[in-house]
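A.B. asks: Below is one structure. I have some questions about it.
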Amino acid sequence: MKQAIRHIHFVGIGGSGMCGIAEVLHNLGYVVSGSDLADSPTLRRLQSLGVATHVGHAAAHIAGADAVVTSTAVQADNPEVLAARERKIPVVPRALMLTELMRLRKGIAIAGAHGKTTTTSLVASVLGEAGLDPTFVIGGRLNSAGTNAKLGQGEYIVVEADESDGSFLNLLPVMAVVTNIDADHMETYGHDFGRLKQAFVDFLHRMPFYGTAILCIDNPAVRDILPLVTCPVTSYGLSEDAEVRAVDVRAVGTQMHFTVQRRNGVTLPDLQVVLNLAGEHNVLNALAVIAVAAELNVPDDALLRALAGFTGVGRRFQRHGDLPAQGGGHFTLIEDYGHHPVEMAATLAAARGAYPGRRLVLAFQPHRYSRTRDCFEDFVKVLGTADAVLLTEVYAAGEAPIVAADGRSLARALRVAGTVEPVFIDNVADMPQRIAAGARDGDVVLCMGAGSIGGVPAKVVDLLQKNELLAQEGRAQ
C-alpha cells in the first residue's frame with residue numbers, strides 16, 4: 001500500500017468552492033498548500049492559518065504534495081496539474097475531495113440554481129445555535145463565523161452541492177435540499193432542460209433509503225420531478241399544498257416576518273418567525289432550514305433565535321452603510337453576488353421591500369458571455385425594473401467574447417426597451433468614481449455581479465472617506 005496522504009495542494013485555492021475545503025483539511029491536521037492567479041483576502045486569511053499559498057501557478061509549487069485538488073475552473077494545461085500528472089501524483093476534482101470529507105460526518109447537501117449559499121449558511125447557523133457544532137463548507141463568507149468553512153465536533157457536515165458542472169452527483173448526503181431548478185449552466189447538460197432536471201433526480205437518489213429530500217414546490221421544475229423521487233420528501237414553499245408553508249409574509253425594514261405552518265408528517269405548532277434577511281426569496285430559504293430543523297428535532301427556540309439573529313453572508317445583500325452623497329444627504333450602498341436574472345429580480349424586489357419609495361440604482365457587471373447570450377431578454381427585463389442602471393462590460397470568466405452578447409449590446413437593448421436609460425462604463429475600474437459622483441440623497445445603490453465588480457463597493461467607501469477627509473482639511477484651513 002502506498003504511503004498515506006499527508007500533504008494536499010490546491011490549484012485555485014482562492015476560489016469560493018476550494019478555500020473552505022482547504023481550511024477544513026488544514027484543521028484536520030493535513031499539510032495544505034495552494035496557489036491562485038491573484039492575491040486576495042481569502043489567500044491572506046489562509047496564510048494567517050498556516051496554509052502556504054502562492055500567487056501564480058508553477059510546477060515548483062506542488063513540491064512534496066501527495067495529492068493535488070483542482071476545480072473545473074482550472075485548465076488541463078495548468079503547469080501544476082501537468083507536473084502532478086507527470087509525477088504520478090493523484091489529481092482530485094474538488095467535488096471528490098468534498099465527498100471524502102462528507103464520509104466523516106452525516107452530510108446535509110444544499111442544491112439548487114439559486115439560494116444555495118444563504119440556505120447552507122442558515123442551516124449551519126441553526127445547527128450551531130442548537131449546540132450541534134456542525135462542520136460546514138459554504139461558497140460565501142458566513143459573517144458570524146468570519147469564514148466560509150469550519151471543522152465542528154458534531155455529527156453533521158453542511159455543504160453546497162454544485163450542479164454547474166454536474167459534480168453534485170459525486171456527493172453522498174443523508175439529507176438533501178433542492179431550492180429550485182433553473183436554466184443556468186446549460187452547457188453542462190447539452191442545453192437540454194430535461195437532462196438538468198434528471199440530474200437533480202439522480203442527485204437525490206444518491207441518498208440512502210433512509211435519507212430525506214426537502215424540496216421547494218413553488219418552483220415548477222422541482223414540482224415536475226416530485227413523481228420521480230423515490231426517497232421520503234418534505235415539501236416547502238408558499239403554495240397551499242406545501243408541508244412546511246409560510247403565510248402572512250411581510251417586509252419590516254430589512255427583515256421578513258411570517259408565520260410557518262408545519263404539516264410534514266406530524267402537526268407541529270405554528271411558528272411566528274422573524275428573519276433577519278430581506279426578500280421573499282429568503283423566506284423560501286428559511287423554510288428549507290425550518291424543514292431541516294424539524295427532521296433533526298432542533299428545538300424551536302434555538303431555530304427562532306438563529307433566524308432572528310442571522311448576520312448574513314458576504315456579498316449577499318451586504319450593506320456597506322449609509323454614505324455621504326455629493327449633493328448632501330446620504331445614500332445606501334448594498335452589494336450582492338446575484339448574476340442570473342432570477343436572482344437579480346429577487347434581490348431587486350427585496351430592495352424595494354426594504355427601502356420603499358427610494359430611488360433604486362443598479363450597478364451591474366454581467367458574468368460570462370454565454371449566460372448573457374442565453375438570458376439576454378430576461379436581463380433586459382430585470383434591468384429595466386431599476387430606476388437607474390450603470391452597466392459595464394461582461395466578466396468573461398475564461399470565455400471568449402460572443403457577438404451581440406457583450407455589455408454594450410445589453411445597454412443598447414435596454415435603451416431600445418425604453419424603461420430606463422443605462423449608463424455604460426467601459427472599464428469596471430471607473431465604476432467607483434461614477435457611483436460616488438452620481439449617487440443622490442436617498443438613493444439605494446445596488447452593486448451586483450459575480451466578477452470583478454465585487455471590489456467596487458469597498459472602493460466607493462474608500463473614495464468617499466478620502467473625499468470627506470479632504471473636505472475636513474479644507475474647512476480647517
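Note: Cβ is positioned from N, Cα and C throughout, glycine not excepted.
The following feature annotations were taken from Swiss-Prot:
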- Gly112, Ala113, His114, Gly115, Lys116, Thr117, Thr118: ATP binding site (BINDING)
A.B. asks: So around the ATP site, Gly112, Ala113, His114, Gly115, Lys116, Thr117, Thr118 aside, which residues have their CB within 8 A of the centroid of those CB atoms?
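C.D. replies: The answer, listed by sequence position, is Ile110, Thr119, Thr179, Asn180, Asn285.
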A.B. asks: Just jot down the residues in the same chain as Thr118 (ATP binding site), at least 6 apart in sequence, with C-beta under 8 A of its C-beta; none if empty.
C.D. replies: Leu277, Asn282, Asn285, Val313, Arg316
A.B. asks: Looking only at DSSP and grouping its letters into three states, which state does Lys116 (ATP binding site) belong to?
C.D. replies: helix
A.B. asks: Determine the minimum-neighbour residue: among His114, Lys116, listed as binding-site residues, which Cβ has the fewest other Cβ atoms within 10 angstroms?
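C.D. replies: Relative to the other binding-site residues in His114, Lys116, His114 has the fewest Cβ atoms within 10 Å.
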A.B. asks: Might you list, by sequence position, any residue in that chain lying six or more from Gly115 (ATP binding site) with a Cβ less than 8 Å away from its Cβ?
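C.D. replies: Listed in sequence order, they are Thr179, Asn180, His281, Leu284, Asn285, Ala288.
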A.B. asks: Across all the protein chains here, work out how many other Cβ atoms are within 10 Å of the Cβ of Thr117 (ATP binding site).
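C.D. replies: Taking every protein chain into account, the count is 23.
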